Amino acid sequence: MEAFSFSSIPNLPLFFSMFLILYSIAYSIVFRNWSPKIRPEACSCFISLFHGTPAVFLATFAIFSDQNRGFSSPNTKTQNLVLDYSIAYFLTDLLHYLIFFPTDVLFIGHHLATLFVFVTCRHVVFHGSYAILTLLILAEVTSFCQNVWTLATARRHDNQLAAKVYSNLSPYFYAFYSVVRGIFGPFFLYQMGVFFSSGVADNVIPRWLWVSWMCVVITAIGVSILWISNLWVELFKEKKAKLEKEL
């Protein structure tokens, strides 16, 4: 009988099980004393911490280890592994929203659209991972700051340390997020659009599919810019109110 090996397990089920276990640990141990109202959100941040930054490093390695990388180049095994890693995370987080926040249409729609992009790249056309993983890097490079900020925001009214972290981190996180989502994201999306609209990739990535990818990314960037703009407005209002109170 052949000995059991983890290498014999497909990547997606293995990663999905890992994120489910991490979520369970967060819910039952790490945040067990947190309020039931914010506990699920904290657990979502917890698994995001294990996805975002690792995904940035994994995707960067997968891209630069491919000598033939390009917008329409075939996916390598390493690139497929990173796609499976992210698919597993978004499936877990989607399950989280369906259970705890079933009316949060925005996040559920975001996760479904993201999964559509990853799954079609990974399992339908087997091309285009250079573009998708670069977008993943741009999306997740701010995730560590965002998760810390989200956790601090959730506890800032009842925890002095959380309030201090929120106050100190907010302007730097907002600036970082604004530059990535407001400048680098649109710039890369423009390059992606110019390449695909030329038609040179239509034989490996159908026009309807890359147009769908573009629509998903344009919408995501637009919503991100709107979100961070509202946060900037709130921050200035808080600073103004604080200054007026001191005067």
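Don't overthink the numbers, they just go from 1 along the chain as shown.
In case you wondered, yes, glycine gets a Cβ from its N, Cα and C as well.
The domain 'TLC' feature in TrEMBL is assigned to 37-245.
The transmembrane segment annotation in TrEMBL covers 12-30 (among others).
Beyond the transmembrane segment (42-64), the same-chain residues lying 6 or more positions past its ends with a Cβ under 8 Å from any Cβ of the stretch are 19, 22-23, 25-27, 30-31, 34, 76, 78-79, 81-82, 85-86, 89, 92-93, 96-97, 129-130, 133-134, 136-137, 140-141, 143-144, 146-147, 150-151, 154. If you look up TrEMBL, you'll see 42-64 (among others) marked as transmembrane segment.
Remote same-chain residues near the transmembrane segment (94-118) are listed as 23, 40, 43-44, 83, 86-87, 132, 212-213, 216-217, 219-220, 223 (criterion: CB distance under 8 Å, separation of at least six residues from the stretch ends). As annotated by TrEMBL, transmembrane segment applies to 94-118 (among others).
The feature transmembrane segment is assigned by TrEMBL to 130-152 (among others).
For 172-196 (among others), the entry in TrEMBL reads transmembrane segment.
Per TrEMBL, the feature transmembrane segment maps to 208-228 (among others).
Remote same-chain partners of the transmembrane segment (12-30), defined as residues 6 or more beyond its termini with a Cβ less than 8 Å from a stretch Cβ, comprise 6, 39-40, 42-44, 46-47, 50-51, 84-85, 87-89, 91-92, 96. Confidence annotation: the domain 'TLC' (37-245) carries a mean pLDDT of 96 in the model.
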